[in-house]
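Working notes for the structure below.
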Amino acid sequence: MRFPPLLLLMAAVTIVGSNSLALSPIALEIGRGFGGAQAQEVLVAASLFGAGTAGAAVGIAPFADRIGLSRALAIALCVLVLGMAGTAAAPTLHVVWMAQAVAGLGSGVALPATYGLAAEIAPKGRESTFLGRVLMGWTLSLVFGASAAALIADVAGWRAVHGVLAGLGLLVLLALAVSPRMGEVRAAQGASPWAGLRVPGIGSALAVAGGYMAAFYGLYAYVAPHLQAGLGWAVWMVGTVPLVYGIGFGLASLGDPWIDRFGARRVAPWVYGVLVLQYLVLATVAGQGWALVAGCLSWGMINHLGLNLIVGRLAGLDPARRGAVLGLNSGVTYLAMFVATPLFGWVEAGWGFSACAVLAAACVLPALGDALRQR
């Protein structure tokens, strides 16, 4: 049996994204299952997931260039499934933390391998379009992963969420096993974990990625707790946040060919500038639940285009070290998640959700400045 390569890559991103985004909507439910722990305590798991992802992306993902991105993806998904299954069976909150750290190790290799394979199989001149299709996996993870997580947790308990994810991960592994291998085996030049740091232009590109992803993960982690604890929403209602965001993220894929047509340097200033304004708008409507949810539609749209610009820029820096470069990107991304989750939690506890949205806008300003200089 043969599955289309883009479908397999999209499915891999969906599994990684569903695990990383499912914790926030069900954080309070997990806390209730462990003696009434606060959402901030549960979301330590998100921070450890980010730390595990960052460590694996920097220390392990570069070796994917040696063994081949397709084989690296399969191994990484095995580790991710193990972490998700461990989360579902965790007897204590501390085990949830450790299991998510293991899941992070798998994600840290899976994401750069997936993005690298997307760039490798894309026809010349259609890189952004192909990458955009793979990024649709994030839409699926938001619409059918994070949104469904809230509903499943309400009906069958939070453990069922990660049990279902582990089962779906096994199905993706089976599909990879029966399909022809994608990509080519690379030479040993990807063996050094720091090989990507020698690529010209990597520093500014990673700085942009770090600020961009800190803004997203920091704010996203507290949208659901804000709606539940601050505005009194039920768990199933909170599921509308990733649903609406995911719909916007998916709709924006229609604009990916325009990046190929007009060029990333011309498009980037507009995307990052609008995103700064987007976060400020979210700050102004923080006290109005449905207005905040509606704002997530445009948030998802602009974030899709921004992520495409960031990953596409990094993937094109040095094809021979793509695994190393994209591994550094995932490392920076989830290091940003590791730092931003507690930082934004501290801001939210002291000054409220609106202050978090303003902080997110500030995190995107370096990306806007870099885009204006590159134009």
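Even glycines carry a Cβ here, placed using N, Cα and C.
From a predicted model like this one, the values you see are computed outputs, not experimental measurements.
What TrEMBL records for 5-375 is domain 'Major facilitator superfamily (MFS) profile'.
Under the heading transmembrane segment, TrEMBL lists 42-60 (among others).
Feature annotation from TrEMBL assigns transmembrane segment to 72-90 (among others).
Taken from TrEMBL, the feature transmembrane segment covers 96-118 (among others).
Long-range contacts of the transmembrane segment (130-153) within the same chain: residues 6, 9-22, 24-26, 29, 114-115, 118-119, 121-123, 160-161, 164-165, 224, 235-236, 238-243, 245-247, 249-250, 253, 256, 259, 300, 304, 307-308, 311-312, 315, each at least 6 residues beyond the stretch ends and with a Cβ under 8 Å from a Cβ of the stretch. Annotated transmembrane segment per TrEMBL: 130-153 (among others), in sequence order.
For 159-178 (among others), the entry in TrEMBL reads transmembrane segment.
For 199-221 (among others), the entry in TrEMBL reads transmembrane segment.
Annotated transmembrane segment per TrEMBL: 233-255 (among others), in sequence order.
Residues or ranges marked as transmembrane segment in TrEMBL: 267-286 (among others).
Listed by sequence, the residues of this chain that lie at least six past the ends of the transmembrane segment (292-311) yet keep a Cβ under 8 A from its Cβ atoms are 115, 128, 131-132, 135, 138-139, 142, 205, 208-209, 212, 216, 223, 227, 240-241, 244-253, 255-256, 259, 264, 267-268, 271-272, 274-275, 278, 281-282, 285-286, 326, 329, 367. Among the features that TrEMBL reports, transmembrane segment is placed at 292-311 (among others).
Here TrEMBL flags 323-344 (among others) as transmembrane segment. Within the chain carrying the transmembrane segment (323-344), a Cβ under 8 angstroms from the stretch's Cβ atoms is held by residues 20, 40, 43, 46-55, 57-58, 60-65, 69, 72, 104, 107-109, 111-113, 115-116, 186, 190, 192-197, 199, 202, 205-206, 209-211, 213-215, 217-219, 221-222, 310-311, 314-315, 317, 356, 359-360, 363, all 6 or more beyond its ends.
Residues or ranges marked as transmembrane segment in TrEMBL: 350-369 (among others). Packing against the transmembrane segment (350-369) from elsewhere in the chain are residues 207-208, 211-212, 214-216, 218-219, 222-223, 226, 230, 268-269, 272-273, 275-277, 279-280, 282-284, 286-287, 306, 340, 343-344: each is 6 or more residues past its ends and has a CB under 8 Å from a CB in it.
Beyond its flanks by at least six residues, the transmembrane segment (199-221) meets 21, 24, 43, 46, 50, 245, 275, 279, 282, 303, 306-307, 310, 313-314, 317-318, 321, 324-325, 328-329, 332-337, 339-341, 343-345, 356-357, 359-361, 363-367, 370-371 of its own chain at Cβ-Cβ distances under 8 Å.
Regional average pLDDT for the domain 'Major facilitator superfamily (MFS) profile' (5-375) in the model is 87.
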